[in-house]
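Annotated features in TrEMBL:
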ACT_SITE  C:Asp332  active site
BINDING   C:Gly217, C:Gly219, C:Leu246, C:Gly289, C:Tyr290  L-glutamine binding site
DOMAIN    C:1-131  domain 'Carbamoyl-phosphate synthase small subunit N-terminal'
REGION    C:1-168  region 'CPSase'
Amino acid sequence: MVNKIVLDQASMQRALTRITYEILEHNKGGQNLILVGVKTRGEYLAHRIADRLEQLEGVQIPVMAIDISDYRDDRLNQHSKLGLDEEDRVNIIDKNIVLVDDVLFTGRTTRAALDALIQIGRPKTISLAVLIDRGHRELPIRADFVGKNIPTAQNEKIQVKVKEIDEVDQVEIVH
Amino acid sequence: MYKRTTDENLKRILFLGSGETDFGLQGENDAAVYQVLPILKSQGYALFLVDDNPYSLALESADAETIVATLTVQNIKAIIKEKQIDAVFPGFAGVRGLRLWHQIISEWREEDGPRPVGLGMPDSTVSLLNHSTALFERLETAGLAMPQATIVRSQAEANELLRDLELPLLVRAHNPAQGTTRRIVKRLDDFERVVDEVLEQSLTKEAVISKAINGLKEVSLLVLRDAAGNCLQIGASEDMDPIGIHTADSLSVAPVLTISDQVLQEMRDQAFLVANILDIQGPVHVQLALNEKTNQLYLIKVSPYLDQLSNRMALLTGYPVMLVAVQLATGRLIQDVELPPSYHEKTAMMEPVMDHIVVKLPVFSFGDMAAAGVTVNRQLNSIQKSVGSALGFGRTFTEAMEKAIRAAHFNNRSFSPKYMKHVNDDELIQQLIHPQDNRVLLLLEALRRGYEVDELAELTKIDEFYFYQLKRILTIEGKVTAGQPSQDLLKEAKASGLSDGLLARFWESDFQAIRELAKQAGVTPTYKALEPSAGEFPENAHQFFATFEEENESVPVSNKTILVIGPGAFRMGDGLAAGYATSVVLSELRKLGYKTVIMNNNASDASLLPHLSDKQYLEPLEVSDVMAVVDQEQPEAIVVPGNRRKLIEALVALGQQVIVLPKEKHQPAGPEPGESEFALNLFYDGERAFPLVLTQHQQGEIRLIDQDVFDTDLSMIQLPYSGVYQLIWREDRTDWVEQIPLPDFAVDSWLRPMPYGQVAFLSKILQVSLIRLVVRSWKQGGLTNDDLEALVAHMPALRGSDFAMVSDRTDFDLHLKPEATIDSTRFEMGAKIVRLQGDDDGQG
Amino acid sequence: MERHLILEDGTVFSGQGFGAPATTFGEIIFDTATSGYQETITNPIYDGQMIVFAMPVVGADGIHAEAYESIQPKIRGMIVHDLAEVSTNRQRRMNLDRFLRQHNVPGIYQVDTRKLIRHLRETGSQKATIVDVVDDHARDQLQATVLTNKQVQNTATNKAYANPGRGFHIVVIDFGLKNGILRVLGDYDANVTVLPYTTSVDEVLTLDPDGIIFSTGPGNPEDLPESVLTLIRVLQSKVPLLGIGLGHELFALANNSALTVLPAEYHGMNHPIQEIISQEILYARQGRGYVVDPEELDTKKLFVTHRDLVDHSIQGLRHRDYPAFSVQFFPDGAPGPLEAKRVFADFFETVIDYVQKNN
């Protein structure tokens, strides 16, 4: 198995920077904004975007994490746990949500996250930010903010590594 | 983006020392440690230093708890445990420190308790740097080009490779026991022998063979990187000599003059990439080869730790490399680095720029050896032969080069147009192709004999720029010899770096006459400040060099100044100890309330550190240079090392108050095999001699004798200068004595100044700084009673009698290929302190 | 031959002449970079200026075909300490002395350039002249000279031209473009159309660009016609936009912000520039007399993305509503550090995004 680095640390940082600028462009000054990271790595990426927004605008944007590993339509499970508590549920009402994930592939993860968010609260808008869009969508889902488009083959795997848990910041293709 | 700041739990830092000095390992690490201790202490760290180098200045620092111990895993582990060390900093200990730290990491066991963190680089990098195959692979994967290298484990494998690759080939040891050496094999006959030698040097019995890239241009870059990945370039220097001659043996110049911005930026980018890959917090020295026909770059060496280039760049840019590097290692980001108030507040973050030229010239010891009857191989190649280097500062290349030559040799003898007359044309061509230590003078001679620039550039692979510059020197030389002293000619000659003494030689006059003439004509030096912004900002600079222009920026320090003449370049048998002595003199003079000015031109010892003196002149040390500074600063007195007899005489003749720091003109020879040299060491305070201790010296090793000598009558000793001296006698014996009957000193011994190396050793072992006492004795009335009592109080315990100083480790065979054994006392490169363990093996 | 430099404040510096024996007038500035003299003297932003080099030895690398930033030097004089002679041969077809002579630019060497720079550091940039003789006539001429404010007209193209490639279609509005920008666009294989700054909005939009660059250029941006600002105001809302140098200053003016003059101009490449959002530091070639006034920045429209950490000047701006941004420094690395090229990488990512969303 060969891993090829497709995004090094510097490029990954800059992709997040660009996403942040675009989020700002679409959400004036970051008001009413909540970042929701899809566990595990999406959560770390959401925090990094929040850090950047703070550097730039001096505002602290709330970050939540959502765990949809039990919630996907292809893995039926009645006892889904989202990792969101009651307070979170209230907080997202009428807010502009940016859902943050590491990789956009078939769109099933995103759909599950959308379902979950809508189910628990009533956000005003939901947009989607992904570090990597690798194509091969199976659902009509499109990211609003993309760090990097990386065309891949079906059988390849994209692995996003973040320093917090993987020791390095980089994106690899696993053949 | 990481919000990384310094770790609050990190409070107790252990610095690893770099051990004994050697080829390519002068005092730079020790000077760096000495320089950074105060600032780290002020930031609240508890500091510890372990080293076994007797000439270390840092071991005498008051800002750290210093420990004299052999640099072994076992010893360091014990120190870590006893001193509850949180962090170990190997970055100021060169490749030895890195290897030692790697061993410590690898051999750390659970029962050793929590392991301290390593500062400067992650553990993974430490391990990568100790596995060159993995390192090459990692760098290559990142797109860095390196000369293709293959590892072989036997002569047979090497021969196999030889069939695929053509000569010349570069052969070096993989994981070498000593520092790395590279050898270029041009002839088939040499191949087998070299491979054998190299396999022998490798800890893993492996050799690395690659295509030689002889003839390409070599450039060294120094960059710094912080924990967040911010990189900045401190400087770059280019070698005049092409690859094939060790960079330490080449003339080098900074800033880079003959390479385009596009290529330089590519080099910078590659250096940053290396720093990022290795995740360094601190300095990275990268050596690159440039093929100018294709603009292809090859990465030839990576040194992600402090080395000679760091200290040199600090001196020649004015950027405080060491102060910044150590703070980056503790986790500070570049914008949070703290500097002393003499720097502009943004200095750490700004890449330094130079508005002057600095030439580094290697210093060889071939002449000294020849004088002692030792013949060595003088031909320059990929193995370092120089023992030190001298710097020349100027505003043109020729000025910097002429000053470097004078700095390297203390005199202008070699400039004489007749100097090379004896070389016939065949020899000249041979030496152009196979360069020796007289490289620059030979190139000048070739031009003098009418060789064309194109021809010479082709023959030597030296950029033609240098030949045009050398031609300028010939033009000036011609004008001077043909002309009479005039204002214009004097100005032109002096601006080209010619000294009064050299002009006197050309005009068959004397130094003093030329000096007067120049003064009358108004041709006096203008001192330019050396600071990192190239004039953009007012900086409170203390470093100056002389040139001949309009504006003089130097203002006299005070009316109570002492000028100290440094020892110049690192030389064999003198070594770091001379730099140590000078530095202690400066430190003590300041303690006594004097303003101090130092003149020196060696970047590798501590004497030019900005915090040791009030002003530093980066100048050659000929009498004309010294007198120019005297005119500028009007010092009360001038401290001169005793070996500079001509300078002392000249200064005295000019009415200067000279204080001599006693030193023999040449390093004395040590005892012969089978012989012991005994010394009664004594302190002379200007009026009276005080006996200190007895020492016994056998080849390569000195020990203290546990014998009381306080009552020895030394009243017959009367000397012109205070200092530390020795009464010497020899006996045919090879046992280490416990007691020895003293001879009749008046008959059976001779007196000499104690070599600086022994002064440094005894100061550490007896825990009394002998040089400080010498300096204090210069004051009116000599030493105080307190001083004397302190001195005596340190003697009787003889706490040092279980220590020895050993100086026989230098690999002269590798570097110099001598035809006879080299006397390691007289031509000592370095020494170490070892603790004796009951028996007499002395290996600690 | 001895020649002289007279400053507007009356100070005289003397040295030896090289290059053309002409008498010229210009605004004198100093440059602290230690490499890239050829790129610097051919950069159109220096139209009408005399440059003092802090680098003491200049010319050792000759003149190279690949290091031109425009076809001819735009400067009025070059002041150095030492001029290195190199021959002209296969590798170095031209040397500095001959090059300046051919283009009628005078130079002086053997000047105490450090003294001159320390002087200019205190007095600021000013008018100066290079002459053979220092007399009242020369001084009067200097005082009477009014330096041109038509530098952009002098240097920018007045005809559209193409620099074809197979990638994205990038329109460059030329105010005195340096070649480095085209070189980088070439690296991205962009299909480039360079347009005069007098081009109308409709003409630009007809070309259907994927991105627009407002180029570097010389002089005071406030001397340019209002139509340029209109061009920016309309285009920024439609297509990804990047402003560089003068283009950055215009981007600020077009968005209701104002410029200010720094007490000392800065020309060099050793100042740290911080990208605020990531806190990363980079170094880049800078050459500037004007900067955006932080007091007069319309923060409803723009926000600051980069700052020079030495003088805190604004080095980068971004529009709040559009994919439009600008940098004061030169990101093309000719001369100068290559890490600044990331600005172009960001621009092209923005272009990709724009193209994908509009397909």
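Along the chain as shown, the residues are counted starting at 1.
Glycine residues also receive a Cβ, built from the backbone N, Cα and C atoms like all the rest.
Positions of TrEMBL features highlighted on the structure.
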| residue | record | DSSP (3 states) |
| --- | --- | --- |
| C:Gly217 | L-glutamine binding site | coil |
| C:Leu246 | L-glutamine binding site | helix |
| C:Gly289 | L-glutamine binding site | strand |
| C:Asp332 | active site | coil |
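The residues near the L-glutamine site, meaning same-chain residues not in C:Gly217, C:Gly219, C:Leu246, C:Gly289, C:Tyr290 whose C-beta sits within 8 angstroms of the mean position of the site's C-beta atoms, are C:Ile45, C:Gln151, C:Pro218, C:Asn220, C:Pro221, C:Gly245, C:Glu249, C:Arg288, in sequence order. Per-residue pLDDT, averaged across the region 'CPSase' (C:1-168), gives 94. With the fewest other Cβ atoms inside 10 Å of its Cβ, the least crowded of the binding-site residues C:Gly217, C:Gly219, C:Gly289 in this structure is C:Gly289. The Cβ of C:Asp332 (active site) lies under 8 Å from the Cβ of C:Lys178, C:Gly180, C:Ile181, C:Arg183, C:Val184, C:Ile244, C:Ala340, C:Lys341, C:Phe344, each of which sits 6+ residues away along the same chain. Around C:Tyr290 (L-glutamine binding site), a 10 Å sphere centred on its CB holds 21 further CB atoms from the protein chains shown. The Cβ of C:Leu246 (L-glutamine binding site) has 30 other Cβ atoms within 10 Å, all protein chains considered. Spanning the listed L-glutamine site, residues C:Gly217, C:Gly219, C:Leu246, C:Gly289, C:Tyr290 have a farthest Cα to Cα distance of 12 Å. DSSP assignment over the domain 'Carbamoyl-phosphate synthase small subunit N-terminal' (C:1-131) gives 30 helix, 46 strand, 55 coil.
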